Structures are given as C-alpha cells and as structure tokens.
Amino acid sequence: MHFRALLVSALATLAMAAPAPTLEARQSLSSNELENGPCRDVTFIFARGSTEQGNMGFIVGPPTCTALKLKLGSDKVACQGVGGAYTANLLPNFLSQNTDPKSIAAATDMFQLARTKCPNTKIVTGGYSQGSAVIDNSVKALDDDLKSRVKAAVLFGFTRNVVDRGQIPNYPKDQVKVYCAVGDMVCYNTLIITAAHLTYGIYANDAANFLVSKL
C-alpha cells in the first residue's frame with residue numbers, strides 16, 4: 001500500500017509539472033472516427049495512459065494520430081481511442097496483466113468494430129503506459145483473421161516490456177516497435193514513475209513512420 005501511495009503521489013506531481021494542453025490539443029483528447037465516421041483506408045486504434053483524459057490522452061496519442069494524417073492524408077486515416085470500460089484508473093496497473101479484463105475487452109471491441117464495419121481498412125495500433133498493456137493483452141488474444149488485419153503496433157512506456165520481452169506475444173515481432181525513454185523505469189518491470197515517462201510525444205513522428213512502413 002505504501003508503494004501504491006508513492007506511485008499515486010508521483011503521478012500527481014508529474015501531472016502538475018506537465019505543460020498545459022493548448023486549446024487545439026484539448027479538443028483532440030478524444031477521437032471516435034471509427035465509431036462515428038466513414039470507413040477510411042487506415043484505422044489507428046490507441047489506448048491512453050493512466051489518468052489521461054479523453055480516450056486518446058494528451059502525451060502521445062493525438063500527436064501520433066496527427067503525424068499519420070499528415071503522412072497519409074487526413075481523409076485516409078481514422079483515429080479511434082479506446083474508451084468505454086477502459087477508464088485509465090491507476091489500480092489496474094498492479095494486476096498480473098498490468099491492466100484489467102474489462103479494459104482489454106474495450107480495446108478488443110474496437111478491433112472487432114474495425115473488422116465488421118470497415119472490412120477493407122488496414123488497422124494499426126498503439127498504447128502508452130497502462131494503454132500499452134491494454135493493447136498488448138488485446139492483440140495477443142485476437143483470432144488469427146483479426147490479428148492479421150493489425151499491420152503494426154507502437155508501444156510507449158511499455159509496462160510489460162520485460163515480461164513480454166519487448167514484443168507482443170503471438171504477434172510478429174517485426175510489426176512491433178517499443179519506445180522506452182532513457183530513465184523511464186516503467187519499461188524495466190517497475191511502476192516507478194519518473195519525468196522521463198512524460199516525454200513520449202517526441203517519438204510521435206517516428207512512430208507514425210514505422211506504422212506507415214508496415215502498411
């Protein structure tokens with residue numbers, strides 16, 4: 001319990017230290033272009049980190065979406081955050097999957113929706129912090145047909161990096177890119193939060209390049 005208190009305190013401190021979102025950024029904290037929009041050539045499904053607002057968060061989800069749209073065309077990419085039962089609460093980080101079953105199911109629902117609503121779309125995905133565990137656990141359990149539609153994944157501050165050896169189990173390793181910032185202890189099988197854990201936005205363009213390269 002003492003460790004949990006330290007984690008909550010660290011997250012609160014870092015959240016206060018993080019730069020305030022601009023108006024444009026605040027407006028992009030959520031994206032539901034798969035659920036509410038037309039089918040597009042590419043669908044990007046993203047799970048935010050613990051305590052982040054909206055369904056895309058602020059740190060790295062929206063900038064990766066923006067980078068994809070700049071590279072492929074805004075009318076070619078649908079960005080969809082994982083919301084619903086995934087509330088990005090802190091405590092599920094301490095479970096064996098580093099998240100909880102309902103959060104994993106919420107991501108799986110989005111992958112299934114992409115297949116049923118937009119059977120011709122190419123799916124790419126990503127997750128940050130707890131969201132990386134959500135995507136990891138969801139993708140590895142997808143049926144073979146749906147998994148084959150997921151062309152690439154980017155994982156930032158991957159909480160299961162050590163446990164899953166820098167990859168998503170039962171998914172092609174060359175279709176996954178893991179980003180672990182120098183000094184981010186989350187990537188090394190701890191839940192110790194440092195300032196490095198807030199830096200992943202700088203990798204958004206590189207992540208988009210990787211996702212595009214796998215289409």
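Cβ coordinates are placed from backbone N, Cα and C, and glycine is handled just like the others.
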Cysteine paired with Cys180, where Swiss-Prot records a disulfide bond, from Cys118, Cys187: Cys187
Whichever of Cys79, Cys118 is disulfide-bonded to Cys39 when Swiss-Prot is consulted: Cys118
Cβ atoms near Cys118 (disulfide bond) (within 10 Å, other residues, all chains): 20
Mapped DSSP class for Ser129 (active site, nucleophile), helix or strand or coil: coil
Long-range Cβ environment of Cys187 (disulfide bond), under 8 Å and at least 6 residues apart: Gly157, Phe158, Thr159, Asn161, Val162, Val178, Cys180, Ala181
Fewest other C-beta atoms within 10 angstroms, as judged across Cys39, Cys65, Cys79, Cys180, which are the disulfide-bonded residues: Cys39
Those recorded positions, out of Ser50, Cys118, Asp184, His197, that come within 10 angstroms of Gln130 (site 'Transition state stabilizer') at the Cα: Ser50
